[in-house]
Amino acid sequence: MKKNFSRIVSIVAFSSLLGGMAFAQPAERGRNPQVRLLSAEQSMSKVQFRMDNLQFTDVQTSKGVAQVPTFTEGVNISEKGTPILPILSRSLAVSETRAMKVEVVSSKFIEKKDVLIAPSKGVISRAENPDQIPYVYGQSYNEDKFFPGEIATLSDPFILRDVRGQVVNFAPLQYNPVTKTLRIYTEIVVAVSETAEAGQNTISLVKNSTFTGFEDIYKSVFMNYEATRYTPVEEKENGRMIVIVAKKYEGDIKDFVDWKNQRGLRTEVKVAEDIASPVTANAIQQFVKQEYEKEGNDLTYVLLVGDHKDIPAKITPGIKSDQVYGQIVGNDHYNEVFIGRFSCESKEDLKTQIDRTIHYERNITTEDKWLGQALCIASAEGGPSADNGESDIQHENVIANLLTQYGYTKIIKCYDPGVTPKNIIDAFNGGISLVNYTGHGSETAWGTSHFGTTHVKQLTNSNQLPFIFDVACVNGDFLFSMPCFAEALMRAQKDGKPTGTVAIIASTINQSWASPMRGQDEMNEILCEKHPNNIKRTFGGVTMNGMFAMVEKYKKDGEKMLDTWTVFGDPSLLVRTLVPTEMQVTAPANISASAQTFEVACDYNGAIATLSDDGDMVGTAIVKDGKAIIKLNESIADETNLTLTVVGYNKVTVIKDVKVEGTSIADVANDKPYTVAVSGKTITVESPAAGLTIFDMNGRRVATAKNRMVFEAQNGVYAVRIATEGKTYTEKVIVK
């Protein structure tokens, strides 16, 4: 193995030219602090890049010692045989329909002479050892010009749900291999503006509102995003989930769906064979698209229930993908919907995945001290060709430090050489809540430790289940001839109790060496709330946003990694990091059958409070300023019990009974002071001296009137509310 050592660029001769450029300071993880949005107008944004933490690493090549440059957030996407010249990328929200252009407003640079920049090894797979791949000088080293040429470019536009975006790329290092001159741009200011020409990958229909649940994602992805550009949809932070289930498991999914509704996520079931028979990937993709495009239905999560032979992954050359089902708007690789899978070959396989998910969200207490403990696993390989020029061990050390700063109380490090399966088994059985793995892999095992599917039966971590960010080859290839590594961990149980993991993101193909490291970095940074504008609380939200950062920086290779990095488990899983604390929740013990709202007091802002009736959601609200006011979307019957459920990040879940009292529809069934009739798609309501209101299934008011109302409805479920003679009645109406 070649020895690499860092050599910090000399700045003595350049000190008067740097203009504030920061060299050789310990780089804070995350985004380059020297990249700023200078201005954002309707049709133009200005962005300033300034060099940060430029360093050089010496490597041995066929031409002698050459240098590999790195700087904060710089990414090497150079083609094999061309000079290694990292770029930095930022995403901007742009016009929905116009083509964009980038212009350099100003720039400053210095030059370093007699420099030999090493050639790129290209995209390296984690099926290979980077140290065994030689540096090969390509034809570009004979060309008397600066590479890559332009210091600022635009990538193809992409669409993220309601917003069209475009990535601006800075190439601050320009190298002439004939004269051996390295031009270092210390500052670049660009303007990205609209043109009069029609653009590519446009948004054809601009909504007059945007789903609130993606606001933080927009703010994180786009430098210039402003929430005021749209009117947020009211009270829709949690969105909606559809469970697409193979027919043979339809009767086994009820407990999961009931719990999801109970904890505040509106969840529906669709039998896969009712979409198409036989079930095809194209049919699944089209169904998800149709559900996403339904007006007012904020589809956010899709959970596939079944193995590949039940609900197939989308297969294209070199790709086996569930994630593409969530890529709906435009022709890019940014998901609008978070996708996950309970991969199962038996009812027992499914039951343990349901049980572990419900227990994790519902039953964790202050006695679960295993939370806040993490495991970091790394190979002994990597280095200059990897993300940030890090070896796998350096990469995992950075993650370990981040977790410690956040509050994790114990970090177990299993680094090669010498890691054994027993090291991993002992770590799991001792209690851990998070695993980060970076190394080699196979369909059935981790390369570091050789812990694999044959060792899973030795796990005894009953309901002390970590989630896993896995950077490795084919650990998630659920099309393999036997259960893959990720499937084995999700199906594991001991004496009927779940063991293994509660969720894992793992690849169906050989992963690239560098780009998933950037995705894994971002996942951990989001988990540890490093980015205030990108706070995510679900496994799907954390992992997908981590991959967005990877795609932004690694372009086509990042897209391929995103498409094949598969979520095994519930994408809406509310993740836990530290030992939970208790919430103080107070609410009335009773509710009137005619009530329209229900108020809950809670000392944790951001908690989700939900009233449900035997797995049917009655209403839900977010705790703000110490209270949640739940609007009741469904009729409730007298002398029954509702369930109040309050969930919060790193909190003990609170569940209380609420008794229904007072006048209900059932009490006046034979003497109703109103009539409700449905004919085709027409709802007719009549009642003297009454206020009439119709709500759709999401609780949105769609019609109001006095005394008489005729409403033309779409297919769906509606609540008709009649207020008359001091009483309020609610009836559920189904339009087919």
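Residue positions begin at 1 at the first shown residue.
Cβ from N, Cα, C; glycine included.
Model, not experiment: these values are computed from the prediction.
When the candidates Asp298, Asp307, Asp657 are compared with the Ca(2+) 1 site entry in Swiss-Prot, which names Phe478, Glu487, the shared residue is Asp307. Site annotation (Swiss-Prot): Ca(2+) 3 is bound by Glu390, His395, and the candidate from Asp258, Asp274, Asp495, Asp521 recorded at this site is Asp521.
Neighbour density around each Cβ, counted as other Cβ atoms within 10 Å, peaks among the binding-site residues Glu487, Glu522 at Glu487. The binding-site residues in question are Glu390, Asp521, and the one with the fewest Cβ neighbours inside 10 Å is Glu390. The closest partner of Asp307 (Ca(2+) 1 binding site) among the recorded positions, by CA position, is Cys473; the full candidate set was Asp332, His440, Cys473, Glu522. Within 8 A of the CB centroid of the Ca(2+) 2 site residues Val329, Asp332, Tyr334, Glu336, the other residues of that chain are Phe158, Ile159, Leu160, Arg161, Gln327, Ile328, Gly330, His333, Asn335. Excluding the listed site residues Glu390, His395, Asp521, the same chain places Ala386, Asp387, Asn388, Asp392, Gln394, Glu396, Val398, Ile399, Thr438, Met517, Arg518, Gln520 with Cβ atoms within 8 Å of the centre of the Ca(2+) 3 site Cβ atoms. A 10 Å cutoff on Cβ-Cβ distances gives Val329 (Ca(2+) 2 binding site) a total of 22 other Cβ atoms nearby, all chains included.
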